[in-house]
Protein chains: 2
Amino acid sequence: MRDYQLYLIDLDGTIYRGNETIASGVRFVKRLVDQKKDYLFLTNNTTRTPEMVVAKLKTHGITTDIAHVYTPSMATAEYLLHHCQNHDSKISVYIIGQVGLWKEILERPEFIYDEQNPDYVIVGMDTDLTYQKVRVATRAIRAGAVFIGTNADLNLPLGDELIPGNGSQCAMIAAASGQNPMYIGKPEAIIVDMALKRVGTKKEDALIVGDNYNTDIKAGFNSGVDQLLTLTGVTTKEEIKNLKQPTLIVENLDEYQL
Amino acid sequence: MRDYQLYLIDLDGTIYRGNETIASGVRFVKRLVDQKKDYLFLTNNTTRTPEMVVAKLKTHGITTDIAHVYTPSMATAEYLLHHCQNHDSKISVYIIGQVGLWKEILERPEFIYDEQNPDYVIVGMDTDLTYQKVRVATRAIRAGAVFIGTNADLNLPLGDELIPGNGSQCAMIAAASGQNPMYIGKPEAIIVDMALKRVGTKKEDALIVGDNYNTDIKAGFNSGVDQLLTLTGVTTKEEIKNLKQPTLIVENLDEYQL
């Protein structure tokens, strides 16, 4: 087994399940810290700011800092800054999302909020989504704005319920605008590439750790990073038996030897 | 040319364009009345009640009554009553839509509103759509409710803008619930069949009149009713030149000889 230097760790289903702590996940992070391995929490959740992620992790017994958190909101901001580096004026954006998305974008001086004629329409999970917001996004995309979805998750687990996720929101805007979004979050390679770039680690030295085959494991396939599937969340061994297998599978993260 | 007995007439793009009157459409209706031909306004709009449709037509110079209006809201109510005729108890429904939809359903004593465990989720155009409404619909459909969309229009024209239509709303619910809706409105045959049944006319004796190839004309193809395309609305002759042709095409309805 390779001696990985950087662990890209999912949160929901891996470290906690809603408000419930997954103890093996927490012990895994503590072992990483003890053995001076680097890690980055790589979540698809855009509703929380990095500070809110750190505070939530604290309630599950993990002490960390915002330098160890990477979200699609951050990846979106950095992607656009990189992509528009020759941009003379500010990058105008219309945003559908919650605080974790719009704070990340709009606190950077390079961006300006524009409902009328934005360069980009950025769409993330928004439990206050309204018809009017979709209408504004549709009009902007039809007028030429580039449509970016932070992540493609069709559903999110909330207790026993599968609530609509950002991929479902984007499906409405795609139908109304006639344009499909470019997605940033897992399973896209973009967010993994940007996380590696941020830390300065080569992909051969990294391992993606998560419970969701369709986001975490596929992000590894798409980016060429090894994957560790933990069966503590949504994916079961049975449902992936005929699919391309992850590098490693464990019942829970206590099984994984550093 | 056949001597049609019943004219199934579209509204927006045929009789008016938003608030603007299409004079040839209005003259066409007056000629029908003068020559004692029967007609039914067959719209895909579910936001207005039949009374509101009659009032709007009056502003465009047409005097008619609600017996001459047929909407997907009415077709949905009648379809469910027919489909559930052996239903012992009330038919429970969760509705996303505006007054023209929920009044049509809920004023009938056979229906009962239920957000928790409805038999049917009925989705129509709703400019007050919220994430929460989509969440309730998603939960109900995932729990087994049948998903019905009043109509599949992805967009509606509003001035120069193409705003999100009910088909776009349904795309979000379909993505989140994993179920595609059964649609009632044009271009489905259901609404045409039910309109013919209501009037008691055979399909060979009817003509669908409208400006939209994808809704009006295809409704004719799907139901086996002849079609008259008027080029006063969204469809141009150019864009359908390689497609199956309507029975008749006119620049405007003055050209059509009764």
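Just so you know, glycine gets a Cβ as well, placed from its N, Cα and C.
Note that the coordinates shown come from a computational prediction; the quantities given were computed from them, not determined experimentally.
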Matching residue for the Mg(2+) site, where TrEMBL names B:Asp10, B:Asp12 - out of B:Asp205, B:Asp211, B:Asp226: B:Asp211
Of B:Asp10, B:Asp12, B:Asp211 (the recorded positions), the residue whose Cβ has the fewest other Cβ atoms within 10 Å: B:Asp12
Residue pair B:Asp10 (active site, nucleophile), B:Lys186 (substrate binding site) - Cα distance, angstrom, rounded: 10
Rounded Cα-Cα span from B:Asp12 (active site, proton donor) to B:Lys186 (substrate binding site), Å: 13
Other C-beta atoms that fall within 10 angstroms of the C-beta of B:Lys186 (substrate binding site): 31
Between B:Asp211 (Mg(2+) binding site) and B:Asp12 (active site, proton donor): CA-CA distance (Å): 8
CB-centroid shell, 8 A cutoff, Mg(2+) site B:Asp10, B:Asp12, B:Asp211, site residues removed: B:Leu11, B:Gly13, B:Thr14, B:Ile15, B:Thr43, B:Gly210, B:Asn212, B:Asp216, B:Gly233, B:Val234
